[in-house]
Amino acid sequence: MKNWKALLASVSLIAFTSGASAAELNIYAWSGEVPQEIVDDFAKETGITVTFDTYDSNETMMAKLSAGASGYDLIEPSQYTVQVLAKQGLLQELDHAKIPNIGNLGAPFKNVSFDPGQKWSVPYIWGTTGLAYNEDCVKTPPTSWKALWDPQYEGRIYMLDNMLAAYIAGLQVNGFDAGTTKAEEIEKATQSLIEQKKVLGGYNSTNYGDLLATGEACLVQGWNGSIAQVMATNPKVKYVIPEEGGSMWIDGFAIPKSAKNVEEAYKFIDYIMRPDVAAKAADLSKSATVIDKAKELLPKEVVENAAIYPPEAALMKADFILDVGDATKLYQDGWTKVKTAQ
Amino acid sequence: MTAPRRGNLVTLALLAPSLLSAILLLAIPILIVIAFSFAEQDTYGGAKFGFTLTSYRELFQAIYLPIFLNSLQLAVVSTVICLLVGYPIAYFIALRAGRYAGLLLALLLIPFWIDFIVRMSAWMVLLGRNGTINSALVGLGVIEQPIRMIGTYPAVLVGMLYAFLPTTVLPIYAALSGLDGRLLEAADDLGATPLQSFWRITFPLSLPGVMAAILFVFVPAMGVYAIPVLLGGGKSIILGNLIVQLFLDFRNIPLGAAVSVVLLAISSVIIVCYMRVLRSVEEARV
């Protein structure tokens, strides 16, 4: 009898506490870009219970959103993804009155081409797609995507396991612009990527930084943030934006139409745009912040790290990938050919 | 209420939980996948319900054929390797290990309490360029330079063997442990060599177990995903990867669903064949 009472008491306690904690926030963000510490700080400061999941490609996130109620209140799409999601009608129009800190955005990020006036998204960090190498096995610093086709590193070259990213290298190595919509250029790039498979160790967009740091890989295609995180502990790892241009990207926050905890999502966006928080996030994720006042707070070694803040000359040549529309199908067929080639 | 009717009701009540979960968690999801495979795809990755064979038509294009062949080949090779390694282990545990049999079986199963991805990541550490195996071989002077193992086909096979070994050993062990020892003694008395009694008594009697093992390895091996990605570098795409790519990278839900349906059909055919063969084996024994 006593046991029954105890059981009843604990059950009602669970029901009570779960009913009481109303404020929740479900975040779905790029892996490695929103530090867990920032999420914990936010939860502590606001009392909101945060569930935090990550993805390693925009497409995965889009697939979950377009499949219906995903349960996420806040997502972190890249520039072209904002365009696609907005066209699909999957985003909420942002109410700037709920984001007082939006004024902290640096000038170049106030009116971005993919989302004029921050109608659907607010930029969070920016970075580049380039190549990285381990000095232990690559003696002459590479300057071109061509290094990723070099047979002397056979089996120790890794490409991002991401269609559009792989095509940045495939297109630019042929002298084309990344994000082209021309069928013959995409076809040429497909052939180059098939050719490349002979020397590849594999495709990887999750732990390629570790593969490089341990020497499993000599050369990888990568996003600068993940590489800069590895560089912090292994000085043998170097990052370069190839002379063909590479690409620049901006990842920002957006609120899905299906979001249930909209107020909490706004709170998080506003929180992470506070200069001190943005600085901490940028420092921990080794990424470039879009908040000018946050950049001033960053330690010298972050601001002077060319992998995080590349020289302007290198950025001028970088492509900025926007929604390729119907050409998506051309990329997809090409990528399937690349993946199935022996 | 008559006794038999009551018996039926009791049976139904006892079956209800598993019946209900089978319907909710198995039948309905499969029906949803089948419905999606006939749906239409819009430009931005949405799926509109309807009835179109577009996805199936697209699936039978030349570009996807190598993926089917790759998967089939990987499944066949993995099954053969698992049997070659698993049979002797099962034989030893069932007929030679004596009182250590239970301990050996437990040792075989304990690693499987650990999450699958963690176990595969452990293999990445073992097989890496600076990993345990390379360091040991270099340290012993067997090789001068570390050899590349991650991102190769043999590494995938090692992963497959490791993942599917228990499901190979257990059914064969079960078949062998029920073996009547007097049959072997009789064979011995009648002058059969150990090899003869193995081929004419032990092996035929273990066949139902061997066939269950084939089924348990081959069917899941057709749809495996993580092992080729983690240990094989994701370079050779098989059905499991294709499904992930279609759903998550290309947002082509109808085509992804169609591939899943075809995979399901292949597995069902294999299971039906298995049951036919099993029946004929058992009838032959009677």
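Placement of Cβ uses the backbone N, Cα and C atoms for every residue, glycine included.
What TrEMBL says about a protein is an automatic prediction, not a curated fact.
Feature list (source: TrEMBL):
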{"type": "DOMAIN", "residues": "B:68-274", "note": "domain 'ABC transmembrane type-1'"}
{"type": "TRANSMEM", "residues": "B:63-85", "note": "transmembrane segment"}
{"type": "TRANSMEM", "residues": "B:97-114", "note": "transmembrane segment"}
{"type": "TRANSMEM", "residues": "B:120-143", "note": "transmembrane segment"}
{"type": "TRANSMEM", "residues": "B:155-177", "note": "transmembrane segment"}
{"type": "TRANSMEM", "residues": "B:197-218", "note": "transmembrane segment"}
{"type": "TRANSMEM", "residues": "B:225-247", "note": "transmembrane segment"}
{"type": "TRANSMEM", "residues": "B:253-275", "note": "transmembrane segment"}
List, by number or range, the same-chain residues at least 6 past the transmembrane segment (B:253-275) whose CB is under 8 A from its CB atoms? 30, 33-34, 36-41, 45, 47, 52, 54-56, 58-59, 64, 211-212, 214-215, 218-219, 222-223, 239, 242-243, 246-247
So which of B:63-85, B:155-177, B:225-247 is most in touch with the transmembrane segment (B:97-114), counting Cβ pairs under 8 Å? B:155-177
Which residues of the same chain, at least 6 past either end of the transmembrane segment (B:155-177), have a Cβ under 8 Å from a Cβ in it? 74, 77-78, 81-83, 85-87, 89-91, 93-95, 101, 105, 108-109, 112, 116, 119-120, 123, 127, 149, 202, 205-210, 212-213, 216-217, 220-221, 224, 227-228, 230-232
By a Cβ-Cβ criterion of under 8 Å, what residues six or more beyond either terminus of the transmembrane segment (B:197-218) are in contact with it? 75-76, 78-79, 82-83, 86-87, 90-91, 95, 164, 167-169, 171-176, 179, 183-184, 187-188, 270-271, 274, 277-278, 281-282
